Structure formats: structure tokens, C-alpha cells
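In TrEMBL this protein carries:
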SIGNAL    1-22  signal peptide
DOMAIN    29-144  domain 'SRCR'
DISULFID  112-122  disulfide bond
DOMAIN    158-249  domain 'SRCR'
DISULFID  218-228  disulfide bond
DOMAIN    350-449  domain 'SRCR'
DISULFID  418-428  disulfide bond
DOMAIN    450-552  domain 'SRCR'
DISULFID  490-551  disulfide bond
DISULFID  522-532  disulfide bond
DOMAIN    660-767  domain 'SRCR'
DISULFID  736-746  disulfide bond
DOMAIN    762-884  domain 'SRCR'
DISULFID  854-864  disulfide bond
């Protein structure tokens with residue numbers, strides 16, 4: 001019998017992260033139709049821990065509509081089969097309606113209006129005894145698949161659903177919600193014809209429909225979810241995932257669209273909402289009223305028949321950059337107008353609280369009030385210092401700050417905006433300048449007389465600041481200094497843009513002997529340090545490290561290659577071995593330039609790390625290319641992923657048989673991508689590709705840069721367990737010896753010579769696959785997606801042999817296997833509450849599994865022939881009771 005379960009997964013909430021598990025909720029539904037017949041059958045409703053048969057007494061089309069809508073079908077085309085005209089033979093026909101589940105009815109008199117989202121919103125009665133429900137008088141629903149052209153929809157409450165084979169299901173995606181939720185909201189709304197989307201903040205536990213798990217990775221430029229670089233359905237439980245909840249703003253209006261002034265409103269899903277959340281000025285800017293009066297609306301003026309839409313923004317200039325939206329019954333809103341504000345502040349008396357620095361205050365009715373402003377940019381600092389009479393505005397700074405107090409006090413609230421060329425605040429743009437009583441103020445700390453700075457050795461050395469005629473070293477938070485900060489310091493001191501090196505170091509004095517500069521955030525475009533965000537001098541009590549800058553690294557810093565053959569080796573700076581988390585052409589080009597080679601001749605390399613290295617003499621090294629040149633950062637105490645990094649320096653740009661850039665889709669696993677030239681970028685043909693070729697590819701990506709990661713463990717994903725993209729095949733017939741440093745050193749065909757009759761693309765495992773078994777024996781698992789929790793699969797026992805058992809034990813123990821004891825068990829005999837990682841799967845047969853076929857000489861399970869088996873297709877599960885290893 002084919003049983004269609006609606007909610008065969010439950011979502012367990014922890015903040016916004018869900019875990020898919022096999023469990024039922026009250027008012028989940030199912031249709032028990034005959035095998036192969038989907039979308040019709042006898043109705044079952046899960047209630048109070050068990051499934052209940054539904055009697056057809058009172059059953060009609062409206063009830064069937066709700067069932068079909070809950071199951072993701074087209075509710076408009078649904079039908080309810082009635083028994084009045086049916087023969088008894090037809091009513092009990094299992095080929096048409098499915099076999100009966102249970103012997104007694106549990107629910108009758110279902111009464112729906114037809115517009116409910118799930119059956120729990122309808123009225124119904126629990127059946128005790130009733131003569132109205134006769135034998136085989138089950139409620140039956142016939143659902144119609146949605147044959148419309150739409151493949152994505154967003155419900156009135158923001159749920160993003162995708163259609164698969166005519167049936168809608170809620171999208172639940174793996175990955176980091178903080179990084180993806182805004183991007184996925186944008187792409188979802190763009191797919192429906194809108195410009196962007198906002199993430200809907202709401203309670204997400206009220207859904208009773210099909211849930212489908214996807215692996216989605218987008219960059220935000222796509223027009224459809226299906227166009228994302230990674231988009232694939234995942235068939236498994238036990239995985240953490242996140243829903244996509246989005247709203248798509250359509251347009252704004254003020255004054256109900258009848259006047260040029262009034263409450264700001266936004267239209268979403270054919271419904272108008274009052275706008276709340278950002279500053280009034282920012283919100284009114286979205287309507288195009290850039291410098292018009294804007295303020296928070298008085299509650300008596302707000303239309304109480306409207307809900308409010310609270311939009312989450314950090315004073316973004318564009319609505320599309322805002323992140324989230326939340327619907328609330330709380331009455332709030334903004335008033336916008338296109339009429340100019342006639343207030344003036346050019347005659348206002350101002351001061352800074354500490355003389356030449358401090359908070360900006362204005363004299364109002366003989367009382368000094370702090371100015372609260374949404375604009376805390378460098379421009380307002382220049383205007384204030386000009387108005388206070390400072391002749392030079394090239395040595396001013398501003399730092400964002402805030403003031404809060406337990407009791408309300410009076411402030412000046414303004415949205416003033418200055419470009420920096422104004423001579424006083426009255427020349428700046430503004431629409432608000434009013435006295436307001438509150439307990440919180442967005443203030444700014446302004447400095448009009450910034451101390452001069454230098455490097456201790458002129459073009460390099462410790463950063464120092466002059467305090468009362470004495471040069472004092474500068475310190476900052478540990479790991480709190482950016483490459484861009486050093487680039488701006490070098491420009492500030494008059495050095496031409498070039499390769500700048502920053503080497504934060506340990507403190508050599510007492511903390512109080514330093515001047516602190518914390519949270520400095522230059523973006524590299526500034527010409528002076530005081531133009532950077534958060535520039536302010538402070539005490540040394542929070543110091544973590546001093547700042548050492550080299551403004552001309554290519555001439556002032558000596559690079560040495562250890563184990564060198566003249567053109568290649570391991571780079572060292574100041575007798576310290578370099579290590580890295582991401583060794584690229586950028587770092588290699590800096591090293592080669594320093595050695596006198598052209599930057600285009602640099603090739604990054606990795607050496608195999610056969611033994612553990614001491615990290616006491618290593619320094620983490622990273623370089624970034626910016627508009628201001630190349631900036632590098634070198635730290636002594638930073639942990640590195642790769643210690644055996646190296647370079648090869650040529651006096652010319654490498655040819656395709658000297659260097660080809662290559663990478664894997666996932667970290668050290670997945671589909672291989674090569675970059676031969678701008679018009680030859682894509683995949684490698686899998687025909688003829690073997691372990692030696694995999695070892696070279698993995699070595700090139702740094703996979704063997706740890707002592708426990710060895711080339712002998714590399715394997716080929718022969719049956720595409722990792723999935724992959726249909727990239728064009730640009731390389732074929734690759735043959736390697738296995739000891740090459742780069743895939744370009746192997747023989748291969750490319751361009752028009754490349755051919756691939758199998759049309760299969762290379763996918764690899766660089767590391768030994770993770771495996772798991774109970775210490776005392778039992779079912780076994782393998783993670784086919786390295787580094788990902790959703791890659792764990794039970795191992796199928798259909799082809800289980802001693803060879804496979806030995807290879808599994810070798811992967812588990814890392815030691816030579818003397819013997820192992822294995823077995824199999826029927827899938828249908830596996831206990832329903834088998835313990836695994838604090839998780840209890842209901843039925844192992846509902847999970848995808850992996851079938852392994854090993855020859856016996858493999859050194860890792862990833863070198864065996866692995867095949868993923870869909871749910872219900874594996875007859876036996878593999879067992880291992882013990883692994884006997886060599887002592």
C-alpha cells in the first residue's frame with residue numbers, strides 16, 4: 001500500500017534554526033491511496049499520538065479543499081468523493097482508494113469553509129459511537145496537481161514555497177542563515193518580478209504542509225533560486241535547516257496617495273502598512289523626499305485600521321539594502337512632506353564638551369543641550385570645527401557614540417547632513433532641528449585638533465603619536481588592526497601607494513606608556529588617518545598589541561627562500577617561516593616581487609607535510625589587493641591551516657604546462673574546476689582519471705598540508721555522491737605520476753583537443769572519509785560530504801564483504817587490520833529506536849544509504865566504489881561487531 005504522508009518530518013526550533021526529524025504533529029494529514037496513485041485516497045488525520053480514520057458523514061468539497069491545500073496541491077481543482085451513488089464494491093476497492101488503515105473511525109463531522117490553511121482550523125468531532133458512520137464509509141479526497149507556469153510562490157504570511165511535480169512545498173535550506181537569508185529573500189522576490197525582498201521576522205512554528213530540504217548557495221545577483229550556483233534537493237532527515245520567509249515591498253505613498261504630506265505607508269501583498277523602524281529621514285528618502293521635513297507621527301494621526309511594518313535598517317540610504325521586516329499591531333509611523341523646512345540654525349551657539357573635542361552641544365534658552373544626529377560623518381566634524389574657528393580642518397576626527405540615561409532628558413534632535421565644505425552648520429542640509437525629551441541619544445565625539453603621527457624609522461617602524469612634544473608608541477586591541485589602516489597611514493605620511501606590510505607585535509612597555517587607537521576602520525580610500533571611521537585617541541589600558549608598519553615592503557623587507565633551488569622554496573621574513581589560511585597568487589606575487597621576479601611569474605605551491613612541525617617560529621601571512629595597492633598582514637600568534645607553503649618564481653608569465661589554477665567545489669572535496677585561460681574555465685573529464693591525478697590535484701589545493709592528511713587517502717567520487725554543476729569540460733586525458741606540484745605539470749588535452757565521450761566530470765575526495773560505529777559494534781555510517789553534518793549515511797549491506805569491512809575498519813582506526821567481523825540485518829528488522837548521536841530515527845529504510853564495494857587494497861573508504869541508494873531501495877543494513885588491529 002502506498003501511503004502519502006504530509007508531515008513526515010517535524011521541525012525542532014532553536015532560534016531560527018530547525019532540525020528535520022521523523023515525527024508527527026497534531027493535524028498532520030495523509031491520503032492512503034493505491035501504490036502509484038498520488039493525491040487521492042482515504043483521509044487520515046494525526047491527533048493525540050495516533051492516526052485516525054475520518055468518517056465521511058458531513059464530508060464535502062470544502063473539506064477536501066483544505067486537505068489538498070495542506071498537502072501542497074491545487075485546492076481549486078480538488079474534489080470530495082461521496083458514497084451516495086457508489087456501490088459497496090467500489091467503496092472498498094483498494095486499487096482505487098487504498099486499503100483501510102485501522103478498524104474504527106476516530107473523527108467525523110468535519111466542517112471547513114474551504115479557505116483554511118490546514119485541517120486543524122476546521123471544526124470536527126471525535127467519534128465515540130455513531131450509527132452515521134458505517135463500515136468502509138471513509139472520507140475521500142481527490143487532489144489536483146498545480147499545472148500553472150509558476151514554480152515559486154510567497155504566501156500572505158511570507159512563506160516561500162517551490163513547486164515540484166505539481167505539488168507545493170515549503171523551502172528549508174541548509175547553510176548559515178545570517179549570510180543567506182537576505183540574499184534568498186532578494187532572489188525569491190526577484191523571481192516574482194519585484195526588485196528585492198526583505199526577511200520576514202515572525203514565529204515560524206505554525207506550518208502544517210510539506211517541507212522540502214534544499215542545499216542553496218546564491219550570491220544575490222540571480223533572477224531565480226534555480227539559477228543559484230548551488231541548488232539541489234536533499235533527501236534526508238536529521239539535518240539543520242532554515243525556512244525562507246520573505247516580503248516583497250511594492251510601493252510607498254503618503255496621505256493615502258491623495259496629498260503630498262501625511263503618514264508614510266508601504267504596499268505589501270495587496271495590503272497597506274504604516275512604516276516604522278529606521279530614522280524618519282531615511283524612510284521618507286525612499287519616497288524621493290530627500291531633504292523634506294520628516295518626523296515620527298503622533299499616535300492620534302495614525303490609522304488604527306492598518307498594521308505597522310517595522311523595517312530593520314541601519315540608516316541605509318536604499319531600501320533594498322535593508323535586511324528584515326516585521327508586522328506588528330503596535331501603532332507607529334512617520335510623517336513625510338515635500339514642503340521645505342523653514343527653521344534655521346546658522347545663528348546657533350555651539351561648543352564641544354571638552355574644549356577642542358567632545359560631544360557637540362548647542363545653547364538653547366540658556367541651557368546647553370547635546371545634539372543627537374543620524375549623520376555622524378566626517379563632513380559634520382569639518383563644519384563644526386570651521387564654525388568654532390579652527391583654521392585647519394585637515395586635522396579633525398569624529399567617532400560614533402551614544403548617550404543613555406535612566407531618566408529622560410532634553411536633547412536637540414536633528415537629521416543634519418554636511419558635505420565638509422560648509423563654514424557653519426547653517427549651510428548644511430537638514431529637515432529637523434527640534435528639542436526632544438528622551439533617554440537615548442545618537443551622539444558623536446568630535447576632535448578639532450588631531451596630534452601628528454610618524455613611524456619610528458621614517459618609512460617603517462612602530463606607529464607613534466606626538467603628545468606634548470614627546471613621541472609615544474601607539475597600541476590597539478589584539479587582532480584589531482586592519483590592512484587598510486596601514487595603507488592610509490602610509491598615504492598620510494606622504495608615501496606613494498605600494499605594497500604595505502603590517503606586523504602587529506607584543507607590547508614592550510607598560511600599557512599606560514602607550515596611546516591607544518581602537519576600532520579604527522579605514523576602507524583604504526582615505527588620504528589621512530583622521531578621515532577614517534572611529535578615529536579617536538585613547539588611553540593604553542585596553543592595549544593588546546603595538547602597531548608596526550612598513551610602507552615599502554619590496555625594498556625595506558628581506559625575503560628568504562628556505563630549501564630553495566633558485567626559483568622555488570619556502571618563504572621566510574625576518575627569519576620566520578610563513579604560514580597561511582589561504583595561500584594564493586596575491587601572496588606569492590608579493591614574495592616573488594621582493595626576490596626580483598615579475599609579479600605575473602608567481603606560482604603558489606604547497607609541500608606535503610609528512611611530520612608535525614613546530615609552530616613557534618611561524619608567522620601568519622595574508623595579502624589583499626585594494627585600490628590603494630597591495631597590503632599584507634603578518635602575525636606571530638595567529639593559528640594557520642597551512643604551514644608548508646611555498647612559491648615558484650618565473651621570469652615570465654607561466655604557460656599552461658607550467659601553472660593552471662585549480663580548486664574543488666567544497667573544501668578538499670567535490671567537483672574539480674580548472675582555470676586555463678579566460679575562455680577556458682570549467683570541469684575536467686573523468687575518463688582515465690585515477691588516484692595519482694587526484695593526489696596531484698589535492699596537493700595543489702593544500703589538502704596534504706597537515707601530517708595526518710596524506711596523499712595515500714585521496715579518492716575519486718566515481719558515482720557522483722557529491723553532486724556538482726554542469727560546467728563545460730575544458731580538460732581531458734589527464735595523466736600524472738602522482739608527485740607533481742601542479743596539475744599543469746601532468747600531460748593533458750585542452751581547448752579544441754579536449755574530448756569526453758562519457759560526459760562525466762571529475763569529483764574527488766582529498767581526505768579520508770569520516771566513518772562511525774558503536775564501540776561495541778552495530779550499524780555503521782560514513783560521511784560522504786566531508787565537513788558537513790548532512791552528509792552522514794547508513795551503510796547498505798546488500799554488497800557487504802570482508803574486504804569492505806577491513807577498509808572501513810582501517811578508516812575508523814587508522815591502523816593495519818588483522819581481521820574484522822561483519823554482518824547484515826534486514827532493513828525491516830532494524831529497531832525503530834536505534835540509538836545514534838542522541839537521535840532516534842523512526843525507520844532506517846526512509847533514509848538514503850550508501851553501498852560500498854571495496855577490492856581490499858584501498859587505504860580509505862573514499863577509494864572504494866561508493867553508490868548512494870535512495871530510500872526504500874536497500875534491502876539490508878551493514879553491521880560491524882569489531883575491528884582487530886595490529887598493536
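Counting begins at 1 with the first residue displayed.
Every residue, even glycine, has its Cβ placed from backbone N, Cα and C.
All annotation found in TrEMBL is predicted automatically rather than curated by experts.
Worth saying up front: this structure is predicted, and the values here are computed from it rather than measured.
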Review point. If you count Cβ pairs under 8 Å, which stretch among 158-249, 350-449, 450-552 touches the domain 'SRCR' (762-884) the most?
Key: 158-249
**Study point:** Distance, residue 736 (disulfide bond) to residue 854 (disulfide bond) (CA atoms, angstrom)
**Key:** 24
**Study point:** Cβ neighbours within the same chain of residue 122 (disulfide bond) - under 8 Å, at least six residues apart
**Key:** 63, 66, 110, 111, 112, 113, 116
Review point. Which ones in the same chain are close to residue 218 (disulfide bond), with CB under 8 Å and 6+ residues apart in sequence?
Key: 180, 183, 184, 187, 225, 228, 229
Point to revise | Other C-beta atoms that fall within 10 angstroms of the C-beta of residue 551 (disulfide bond) | key: 25
Exercise for review: List the same-chain residues at least 6 positions away in sequence whose Cβ sits under 8 Å from the Cβ of residue 736 (disulfide bond), in sequence order, or say none.
Suggested key: 692, 693, 695, 696, 743, 745, 746, 747
Study note, to complete from the structure: Around the Cβ of residue 228 (disulfide bond), other Cβ atoms found within 10 Å total 21
Check your understanding: For the domain 'SRCR' (660-767), what is the mean per-residue pLDDT, to the nearest integer?
Key -> 91
**Study point:** Helix, strand and coil totals (DSSP H, G, I; E, B; other) for the domain 'SRCR' (350-449)
**Key:** 13 helix, 53 strand, 34 coil
Exercise for review: Determine the minimum-neighbour residue: among 746, 854, listed as disulfide-bonded residues, which Cβ has the fewest other Cβ atoms within 10 angstroms?
Suggested key: 746
Review point. Looking at the disulfide-bonded residues 418, 428, 490, 551, 864, which has the shortest Cα distance to residue 532 (disulfide bond)?
Key: 490
Practice item. Fill in the CA-CA distance, residue 418 (disulfide bond) to residue 551 (disulfide bond), as an integer in Å. Key: 33
Revision key, fill the gap. Looking only at the disulfide-bonded residues 490, 522, 551, 864, residue 428 (disulfide bond) has its closest CA neighbour at 522
